[in-house]
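Features reported for this protein in Swiss-Prot:
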- 1-6: topological domain 'Periplasmic' (TOPO_DOM)
- 7-27: transmembrane segment (TRANSMEM)
- 28-303: topological domain 'Cytoplasmic' (TOPO_DOM)
- 39-61: region 'Disordered' (REGION)
- 66-85: region 'Disordered' (REGION)
- 75-85: compositional bias 'Basic and acidic residues' (COMPBIAS)
- 124-159: region 'Disordered' (REGION)
- 139-159: compositional bias 'Basic and acidic residues' (COMPBIAS)
Amino acid sequence: MMQDLRLILIIVGAIAIIALLLHGLWTSRKERSSLFRDRPVKRHKHDRQNSFVDDSDDEAFDNQQKPYAHKQVKSHQEYKAEPAIERRQQKLTEIDAATPEESDDPLLTGRQPETTARRAAIEEQEPQLGLFEFEEQNESERNGSAIEEKSQEAAGEKEAQTKVKEIVLVLHVAAHHGQELNGESLLQSILQSGFQFGEMQIFHRHVNPSGSGPVLFSLANMVKPGSFNPETMVDFTTPGVSIFMMVPSYGESSQNFKLMLQAAQRIASDVGGVVLDDERKMLTPQKIELYKARIRSTLGVQV
């Protein structure tokens with residue numbers, strides 16, 4: 001009985017000793033693994049503290065040597081990357097790349113300049129897509145303006161040439177020196193010469209003596225304003241009348257001038273007056289030829 005009890009105690013003691021040994025080994029390994037796992041963190045903390053100390057020393061030195069550059073040093077230190085922060089930024093690179101907006105986290109400020117620069121480059125390229133269109137549009141507008149200006153200049157030159165081509169030939173029927181023409185006899189002679197009273201209150205010679213068709217030449221009073229009143233011409237007197245025509249005119253200008261000359265000579269004969277040229281001098285054959293030459297010259301320019 002005593003031997004059995006002793007054997008049991010020996011076995012229980014051996015088991016207890018083995019359990020204690022195993023527990024000691026397990027505890028030792030656990031502490032060792034925990035020690036190795038904590039060492040990098042402590043080392044990183046120590047390095048970061050040293051970095052902060054170095055930065056503080058550098059800042060103090062720079063403040064002593066360059067007091068006016070304090071803001072530049074501080075700005076440079078804010079963007080200075082720490083070892084632990086750089087590793088954290090590397091882990092968050094994928095997250096930042098997937099995020100469309102810029103992060104406000106101070107730890108990610110190192111990445112913001114790159115993102116901002118990329119966006120700025122894209123934004124600068126986008127407006128340039130329409131730059132050439134705008135330049136082409138401006139070029140088209142300038143070309144259109146130049147063409148329009150040239151067209152206006154050509155039209156102006158053409159109009160000026162047209163105005164230069166048109167001339168006025170004038171003949172005067174005047175009374176002798178110190179006399180005046182009688183209105184009643186003058187009116188009868190004017191009507192017999194084929195004139196009709198019309199626009200501007202003067203007489204006009206139309207293609208048809210009845211008063212229809214285009215006007216070939218006209219007759220006005222030499223006294224301003226040059227108009228007539230047929231109802232009061234019985235008691236009317238005037239120093240003379242003026243007959244004028246435009247060149248070119250309807251039909252043949254040379255033939256129209258002959259008709260005007262014949263009408264002036266007939267009226268002068270009826271009222272006892274004389275025919276004068278545009279300078280109010282006696283009309284001579286040489287002056288008549290000069291009128292015809294002016295007509296030919298004007299028509300030649302037109303052609």
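Just so you know, glycine gets a Cβ as well, placed from its N, Cα and C.
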* To do: Using DSSP, break the topological domain 'Periplasmic' (1-6) down into helix, strand and coil residues and give each count.
  => 5 helix, 0 strand, 1 coil
* Long-range neighbours of the topological domain 'Periplasmic' (1-6), counting only residues six or more past its ends (CB under 8 A) -> none
* Asked: What mean pLDDT score does the topological domain 'Cytoplasmic' (28-303) have in the model?
  -> 73
